[in-house]
Amino acid sequence: MKTEFVKLIDVTLCTACRGCQVACKQWNEMPGLRTKQQGSYQNPPDLQWNTWTLIRFQEYAPKDGEFKWLFRKDGCMHCTDAACVKVCPSGALYHTEYGTVGINQAKCIGCKYCISACPFDVPRYNPETDKVYKCDLCYTRLQGDQQPACVKSCPTGALTIGLKDVMIKKAYARVKELGGDANVYGDKFVDGTHVIYVLGEKPEVYEHLPKSPSVPVTTMLWKDILKPLSLLSAGGVIAGSFLHYIIHGPKLPDEEQGQEPKGGE
Amino acid sequence: MRKGLIQATDSFERIVHWCLAVSCLILCFSGLGIMFHSLNFLGEPFGGLKSLKYIHNFTALFFILSLFFSVRMWWKEAGIFVFPEDLDWIKSAGGYLWHVDKVPEVGKYNPGQKMFFLVVALGGAAMVLSGLIMLFPLSIPAALVRLMYLIHAAGFVAIFAFFFIHLYLGTVGSPGSLPAMTTGWVTRAWLKKQHPKWLKEMEEHGTLVVYGEEKSSSHGH
Ligand code: SF4
Ligand code: SF4
């Protein structure tokens, strides 16, 4: 990997202006779909095939503290050991030279393997196109030496992008500055994600944020063990049959000359 | 057809067997094309991987039907083990692996075939069930769907390997077996070697159908 980029989301700086959410839609030319008032400022209620990043609005009232809002920009984490890439049969999901996870919709066959595999519940399916959609960290913009649309639009500095080690250092420095429960989220899971958070509270406080995400065990068994085993065992059987033939020989009917001693009576 | 050949399978049996075999093979190879990036090209002749997915899904319907008829047809003869004769056969591995002076006599299906049948029946059912769930992953909890992928892959490991054993024993490994699937007529010598007890049973019950012989003699007793 040549230049590994990391996008840092400092949720403590986010004011929920949703500039990133809008910028993402604009740059990627994704339509808005009509939604209903759900009694929350958060809109739409969840990631959608046409909404690749979303500000989650969470009302947080700790037992021994004051009520506060928690805002978190949700979206693809661009895992190094990405479960979605592991399961994608068509190569539609792939690792880019920036360490991010791109998606080539032309190749997607709509199998939805990635949806079940992703530990962050990110990819979304559009039945009309029979394809899956998610953030690609503005791959084409990165290639043109541009920042992703969300980072570009963020007025508070909550979103920044840069070289991996620089950003990780920056994240830890910020956590130290914040103190308390503040922590860095992402650099240790699934071999490190290329989107990392500075969280003001413990990870378990945030809704829809897995505490310790990992590639599902069943997914690993499937792709790393059973998949190669299917060819290995078939190959073993073919080799075994051949050996059986040349060592033991086929099971031949006994030669019987002329009439059977006993007929069909 | 040569005189003296004995009918081992009827046409319905053979048609179901072929349907099961062909659909199973199409499923195996389209599945391989979907599972391995290096085999994605298997979809090319049909217009891409997405078409291969559709072929896989529609063939599954065909497979489900064939499996249903297979199980219904063969369950009594191949799904149930009979003791102690089947155990004796297993102890000597049917004379396939080492030299055995006298292979224990078994009926229409030997325990090896029964095991194969059970793997196909149960494995096939597991494949159908997990496959159906894999078609609708969004309405089922992700952890369960992931388990289905695992079952589907494990079933493939078993069925694909077993297929080659079956192919070998049905052809060069046991000459004379193949006609049971093609024409249905086998030689008496083959039947005597492979299924002596079945031969005796058919003789006793007068159900033996011998090619070129008068009806009266095949029913005669
Ligand atoms: S967060 Fe999910 S969709 Fe994004 S790279 Fe990781 S596994 Fe793939
Ligand atoms: S739905 Fe598309 S992107 Fe997801 S695993 Fe299947 S082919 Fe790949």
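Placement of Cβ uses the backbone N, Cα and C atoms for every residue, glycine included.
A TrEMBL annotation is a machine prediction, not a hand-curated record.
Because the structure is a prediction, the values reported are computed rather than measured.
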Problem - Of A:C24, A:C79, A:C84, residue recorded by TrEMBL at the [4Fe-4S] cluster 2 site of A:C135, A:C138, A:C150 - result: A:C24
Fill in the blank from the handout: Contact set of the domain '4Fe-4S ferredoxin-type' (A:67-98) with the rest of its chain, CB cutoff 8 A exclusive, min separation 6+ beyond the ends, reads 1-5, 7, 9, 11, 14-16, 20-21, 47, 52-61, 104-109, 111, 113-114, 116-120, 122-123, 132, 134-137, 139, 142, 150, 158-159, 186, 189-195, 197, 200-201, 205-206, 208-209, 213, 215-216, 219-220, 222-223
Problem - the domain '4Fe-4S ferredoxin-type' (A:99-128), counted residue by residue under DSSP: helix, strand, coil - result: 5 helix, 6 strand, 19 coil
Handout entry: Sorted by sequence, non-A:C88, A:C108, A:C111, A:C114 residues with Cβ within 8 Å of centre, [4Fe-4S] cluster 4
Key = A:C84, A:V87, A:P89, A:S90, A:A92, A:L93, A:I109, A:G110, A:K112, A:Y113, A:P123, A:V132
Handout entry: Residue pair A:C118 ([4Fe-4S] cluster 3 binding site), A:C88 ([4Fe-4S] cluster 4 binding site) - Cα distance, angstrom, rounded
Key = 11
Exercise for the section: Name the binding-site residues, out of A:C20, A:C79, A:C111, A:C114, A:C135, that lie close to chain B, meaning a Cβ-Cβ distance under 8 Å, keeping sequence order and answering 'none' if none do. Expected result: A:C111
Exercise for the section: Select the closest residue to A:C108 ([4Fe-4S] cluster 4 binding site) from the following binding-site residues, measuring between CA atoms: A:C20, A:C24, A:C84, A:C150, A:C154. Expected result: A:C84
Fill in the blank from the handout: Using a 10 Å radius on the Cβ of A:C111 ([4Fe-4S] cluster 4 binding site), the other Cβ atoms enclosed count 23
